[in-house]
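Here's the structure, in structure tokens; my notes come after.
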Amino acid sequence: MARAGGGGAAAPERAGGAARPEPWELSLEEVLKVYEQPINEEQAWAVCFQGCRGLRGEPGGVRRIRDTADILLRRDGSVGARLEPEPTTMVVPPASSEAQMVQSLGFAIYRALDWGLDENEERELSPQLERLIDLMANSDCEDSSCGAADEGYVGPEEEEEAEGGPRAVRTFAQAMRLCALRLTDPHGAQAHYQAVCRALFVETLELRAFLARVREAKEMLKKLGEEEPREKPLAELDHLGHTDWARLWVQLMRELRHGVKLKKVQEKEFNPLPTEFQLTPFEMLMQDIRARNYKLRKVMVDGDIPPRVKKDAHELILDFIRSRPPLKQVSERQLRPVPQKQRTLHEKILEEIKQERRLRPVGAQHLGGRGFGSLPCILNACSGDIKSTSCINLSVTDTGSGSQRPRPRVLLKAPTLAEMEEMNTSEEEESPCGEVALKRDRSFSEHDLAQLRSEMASGLQSAAQPPGGTEPPRARAGSMHSWRPSSRDQGFCPVSGQSQPLPSSALPSSLSSVDGPEAASPDTRHLWLEFSHPVESLALTVEEVVDVRRVLVKAEMERFLQDKELFSSLKRGKICCCCRAKFPLFSWPPTCLFCKRAVCTSCSVKMKMPSKKYGHIPVYTLGFESLQRVPTTKATPTLRRDAFQSLQGPKWRSVEEEFPHIYAHGCVLKDVCSDCTSFVADVVCSSRKSVDVLNATPRRSRQTQSLYIPNTRTLNFQ
């Protein structure tokens with residue numbers, strides 16, 4: 001860029017005919033006169049730093065700074081002072097002369113910043129620059145501390161820095177330190193300020209060359225169209241528009257350095273980083289040209305745009321597509337098969353759960369020889385002599401009959417409804433004869449037992465009649481199925497022509513007596529053993545009772561639909577479900593286990609049950625921790641209360657002692673309302689009576705394990 005500046009400065013001189021060399025240095029006053037305006041703050045910082053650096057490092061010779069004309073700017077960016085033309089005879093101490101130079105430099109910089117302004121006009125400076133000039137200008141060299149200080153002594157400087165800043169700048173080092181501290185990188189202060197001074201020098205030469213060229217152009221225009229005499233003073237032409245051109249030049253340089261905005265949307269944000277002064281604007285423009293940071297316009301060739309430039313991007317893309325091989329039709333394309341998604345472990349488990357459990361097929365010859373099974377629990381799980389009361393094996397053998405082969409002991413689970421239907425169908429197809437229509441019922445109660453006795457008696461009486469007699473009455477649907485003897489039971493189920501009628505009083509007497517079935521005939525004894533054991537009623541669990549009770553309670557709640565307030569209070573648990581007493585606002589009443597309704601403490605009973613899942617707890621193992629706390633004024637049925645109290649007796653044993661294997665893991669107490677207590681007491685009583693009947697009934701050859709459950713007459717729900 002020095003070449004550009006030099007060429008610009010030499011052009012007017014070549015035009016004038018005098019070939020003068022480019023100046024190597026310029027005074028600060030010449031720079032101010034060329035620009036016709038003061039220097040900016042960045043240039044003032046640079047002149048101060050470079051001036052202190054140049055004055056401190058220059059060899060001997062007396063140098064004085066009286067005005068801006070004594071400060072010299074050089075092409076390489078250094079700054080010096082003009083030598084004193086007249087020799088001085090007075091000897092000045094080094095420290096005193098350095099302080100005077102610092103003070104004179106501060107005055108000169110202030111005049112450069114205030115150059116061209118009126119007397120009543122003052123320029124606003126930044127606080128840092130104003131403080132620096134104030135410290136440099138107010139340094140008094142006649143101070144006693146200044147005259148007595150040694151050149152190599154830096155004690156006061158350290159004290160001043162420790163106090164938060166110097167009170168006066170008397171040395172070049174102090175001024176340079178303050179100039180460097182304002183930069184983000186104090187270590188690069190020398191390079192930065194040298195670049196600023198170099199740019200100021202080069203731009204001044206370029207501006208002076210530009211103004212000289214403008215002045216020469218105006219003179220040429222005046223000579224070509226001059227009609228007035230040439231005695232017009234040349235100074236008037238020189239000063240014509242000089243300030244305007246200088247101002248435009250400074251504005252142009254600023255825009256080239258800081259960037260140009262085509263449209264000012266908002267004010268430029270303050271950039272804390274210093275402006276780059278390593279290159280002049282022309283050098284930066286040349287660097288952009290070399291790096292091709294520009295966009296070229298369309299160039300016409302022979303009055304037309306070249307064909308490669310004329311085509312737009314869309315046409316080029318179409319040409320490229322046409323040059324490629326043709327694509328296949330969609331119908332001809334074959335996609336790869338979708339890879340089979342591997343099922344996760346969670347999906348496999350869900351699929352196994354959804355699938356029905358498949359049973360292993362059993363031969364038809366074993367269906368007739370099986371008993372009615374046992375309860376759904378494992379007999380082998382009970383170790384020692386203590387057997388689970390829910391594991392009952394009813395498959396017995398009859399050794400008294402020579403024509404019947406012994407039945408194997410098989411432990412079966414209670415079949416489902418679908419399996420029972422299949423078993424009934426297969427038994428009807430295989431059995432050629434059937435005399436008594438009997439079917440097991442899941443809820444086998446005392447009423448069903450009495451009905452079974454009457455139906456069996458009537459069936460045997462009809463079997464004793466001739467073949468042309470009346471047809472025996474059919475059993476109620478859903479409770480018993482038609483029983484027909486198999487081939488192995490021919491010994492005790494004779495054909496109508498060969499069978500001998502039994503006395504009509506034999507079966508009722510044997511059915512009415514629980515302890516004396518041994519005296520009955522083998523046929524009657526077999527029928528009693530097969531159909532008098534309500535096995536599936538023993539398999540009734542707490543979970544099933546809870547489901548039944550919920551259905552009943554839901555039906556009972558429909559009665560209160562007319563009274564919406566009562567129905568809402570019962571549903572939300574605001575009142576007791578038994579006594580209709582209202583609960584306090586911030587209370588937490590207990591909830592019944594079976595009906596899930598809120599109940600007060602006076603209407604609730606603590607029920608004892610094993611610490612197991614509800615689906616694994618037989619209902620006959622439940623007990624009550626305390627008697628039912630029901631006042632006599634409540635509308636509780638008297639029969640239910642009497643049935644509950646009749647279960648108590650002088651000889652009682654707790655449920656933990658009766659069922660130690662079930663209560664092996666402890667027990668829990670649950671709250672039950674009085675209504676559900678009566679319901680559960682009836683279910684438990686019926687279940688235990690059925691178990692008593694089962695235990696009191698003798699087995700063939702005594703091969704089955706009896707239940708360790710005492711009589712209900714001496715049983716207590718505890």
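Each position is counted from 1, following the chain as shown.
Yeah, the Cβs are placed from backbone N, Cα and C, and that goes for glycine too.
Worth saying up front: this structure is predicted, and the values here are computed from it rather than measured.
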Margin query: By the record in Swiss-Prot, which of SER374, SER454, SER587 is the one labelled phosphoserine?
Written below: SER374
Margin query: Taking only the residues in the region 'Spir-box' (538-558), give me the average pLDDT of this model.
Written below: 87
Checklist line | Secondary structure content, the region 'Spir-box' (538-558) (per DSSP, counts of residues) | finding: 18 helix, 1 strand, 2 coil
